[in-house]
C-alpha cells in the first residue's frame, strides 16, 4: 500500500519500520513528524497502511480520506480506500473508489485487479472477468491476475480457458502454489488425472500446509479410488485449517458415500462450531440429516443456510425436495421457484418445481416447468417420464401414451416408464399389454419398488400348467389390491393346482379363511416363520396376467367374500335400526395419492345429514382427536371405527348395511367383494387405474358399484351434493337396496 521513500529521513525511517512489521513503532515515528511533513500524501498513506495492518480501520480510513483532501487525483489513495471499503462491507463505495483510481490512471493494473476482486466477491462474474482481463492486458506478466481470471472462468465452467490462465500463471511464477492448486482442480474436472497429480504435488511441494491443495489432493485421490488416502488428505486439510468449509464438506461427503452418516454429521458440526455463519456448512448438514431421516433437524439446518445466503442453490434444492416429500407441496413450490430463478439453466430445478406444482391447483405452471425442464435436457428420461405421468393424471391419455412409448424406446432400461405405461393401458381397458407391463412393479431397479419380490427356494409361476402342483400366492401393495385380486385365487384350483396357499396381511386373514378353492391361509408373519415347500409362487396381482384376464371378461361372480355368522352376530346388536349407510371419507394418510382421494374432513359430508330416514355408520379408522370430537357431536352417525379389529369385523358390519359411501380405499373393494351396494367418490386427478376411464360403474363389481367422479374443478362438495340427491331419491320409494 505505501510507496518507498520520499527523501525525508524521518519518513524513510518510518517506512523501514513498516517493512519490518513494526507498525506501531512506525506510527509513533510518524506522529513525531512536524505537521507539515505529517500532512503529506506519503506520510498519510504510510500512517493509514500502518493503522490498517494493526486492524485500526477507522483510523486508516481517516488518514486516506485526508490524503485525498491533499491530492484528490492520487490514484494510489483511491485504490487503497477501495480495498478498505471492500474489507468493511461497503461495496458501493469501493466501486466508486476503484473507478476514481482507474479514471486517473487507466494503466493501473493493481486497481484493475482489485476491481475484479470486488466484482468476484459480489458474484458479478461478467464484471470480474472484464477487469481481470484488463489487468493482464496492462501487465501481461501479472501472475495473480491470470490466476484470479482462471478462477472466474472455472466458476463459469469454461474449463479449457481456465486451464490456459492457470498454466500462464505457473509459467510466470513457477513457485505460485495457489496457481498450481487451481490448475490441478481444473485438470481433475477434465479427467486428466496424471497431469492433475503432478500439479497438486507441485503445489504441496511449495507449501506442504496448503489447505486447499490438500482438499484438492483428497478429491483427486477419491476419483482415483484411493478412498483412505482421500480421507487422510481431507483430514489433514482440516488439521491445518479447521474452519475450511471445502475440507469439511468434501470429508463429510466421502463419509456419507460410505454410509457413515454419523461421522459425516460430526465433521460438519465441528466445522460449524468454528464457522457458524457458513451457509454451505448448514446446507450440507441439512442434506446429511435428511439422509438420516432426521427431517425436522434437516429442515432447520437448511433454513439456517438460506437465512445466511438466500441464493444457496443446494439448500434451496434440498429444502424444496424435503418439503415435497413431506407433501407440503405449496411450501416446496415456493423454494423451488426461488431455485429455478437463481439457476435458470438447471433442468433438475425445473423438474422438481413441476413435481411440486402438479400437486396443487396451478397445473398450467406445472406443465410449463416440465416443458422448460425438457427444453434444457431433452434426453432426460426421468423428466420425460414424469411429464408423461402428469399428462396421464390429467386425462390427456393419448399424449401420455405417446410420450411413455418414446421414453421406453429411447431408454429401454428405465422401468418407471414401462410401469406407468402399464397403469395407463389398464385404465384404458387394454389389459393384455397392460398386465405384462405391470410386471415391472417388482423390478429392483425402480427408484421405488412397488412390489418387493421375496426370496423363495422355489420358482415364480409364469403361467405354465399347474396340474398336480402346489402354488403359494404372495400379497402385495395395499389391502384393497389383495381383496380385488383374491377372486383369481380359486381359479388356480380350476387350472389343476393340487394345493393353493394364500398368504395375506394379518388383518385380512379372517376374511380369506372361508374362501372356496383355497387350501391354506397364512399371514405374512406365519409364512416367514414357517414356509412349507411349494412347486411355485406368484404375486397375487400377477394372477391376472397368467390367467389371461381381459377387460370384457373379468371374473366377477359376486359375492366372492363372506362374513362369518359369528362375526355378524357380534355386531348385529350394535347397529341402528332402519336404513343403514356406512361412511368412509379418508384413506390411509401414508398413501401417495391420499391428498387427492381423501376428503379434507367430515364436514364435506354434511349435506348427507339432511336426507331423512338414514342412519349413518362410520367405518373410518385412524381419525385425529379433533375430528373424532366433531364426529361425536354429530347425529345420526354411529362411530364404530375404533372398535374394529380387522377386516373380518369390517365385513360383518358392511354385510348388515344397506349401502356404503366411501372414497377410493380398501372398503370399496370389500363392499364390492361382499356384493354390497357401494358408491365410490373418485378424484379427478390421479384416478386409480382400476376404475377405468369415464365409467360410472365397475366391471370388477358389476351391479353393486356406482362411481361418482369429481368434475375437473376438483370440487368434492359437488360430488357430495350429487350423492345426497341420489340418496334422497332412493329413499322416497322405500326401496330395500340402492339402484
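Note that Cβ sites are derived from N, Cα and C of the backbone, with glycine treated the same way.
Sequence annotations record features per position, and here TrEMBL assigns coiled coil to 244-308. Across all of the coiled coil (244-308), the predicted model scores a mean pLDDT of 96.
As annotated by TrEMBL, repeat 'TPR' applies to 41-74 (among others).
Summarising the annotation, TrEMBL assigns repeat 'TPR' to 75-108 (among others).
Residues or ranges marked as repeat 'TPR' by TrEMBL: 109-142 (among others).
Sequence annotations record features per position, and here TrEMBL assigns repeat 'TPR' to 143-176 (among others).
Beyond its flanks by at least six residues, the repeat 'TPR' (177-210) meets 143, 146-147, 150-151, 154, 159-160, 162-163, 166-167, 169-170, 216-217, 219-220, 223-224, 240 of its own chain at Cβ-Cβ distances under 8 Å. What TrEMBL lists as repeat 'TPR' is 177-210 (among others).
Remote same-chain partners of the repeat 'TPR' (211-244), defined as residues 6 or more beyond its termini with a Cβ less than 8 Å from a stretch Cβ, comprise 177-178, 180-181, 184-185, 188, 193, 196-197, 200, 203-204, 250-251, 254, 258, 267, 270-271, 274-275. Annotation source TrEMBL lists repeat 'TPR' at 211-244 (among others).
If you look up TrEMBL, you'll see 245-278 (among others) marked as repeat 'TPR'. When DSSP labels each residue, the repeat 'TPR' (245-278) comes out as 27 helix, 0 strand, 7 coil, counted as helix, strand and coil in that order.
Long-range contacts of the repeat 'TPR' (279-312) within its own chain (CB-CB distance under 8 A, at least 6 residues past either end) are made by residues 123, 245, 248-249, 252-253, 256, 261-262, 264-265, 268-269, 271-272, 318-319, 321-323, 326, 338, 342. For 279-312 (among others), the entry in TrEMBL reads repeat 'TPR'.
Each residue of the repeat 'TPR' (347-380) gets a DSSP state, and the totals for helix, strand and coil are 25 helix, 0 strand, 9 coil. Annotation source TrEMBL lists repeat 'TPR' at 347-380 (among others).
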Quiz item: Could you give the number of helix, strand and coil residues in the repeat 'TPR' (143-176) as assigned by DSSP?
Solution: 27 helix, 0 strand, 7 coil
Practice problem: Provide the three-state DSSP residue tally for the repeat 'TPR' (177-210): helix first, then strand, then coil. | Solution: 27 helix, 0 strand, 7 coil
Exercise. With a Cβ cut-off under 8 Å, give me the same-chain residues at least six positions beyond the ends of the repeat 'TPR' (41-74) that come close to it.
Key: 1-3, 6, 8, 11, 14-15, 18, 21, 23-24, 26-27, 30, 33, 80-81, 84, 87-88, 104
Quiz item: Under DSSP, the repeat 'TPR' (279-312) has how many residues in helix, strand and coil?
Solution: 27 helix, 0 strand, 7 coil
Quiz item: Using DSSP, how many residues in the repeat 'TPR' (75-108) fall into helix, strand and coil?
Solution: 27 helix, 0 strand, 7 coil
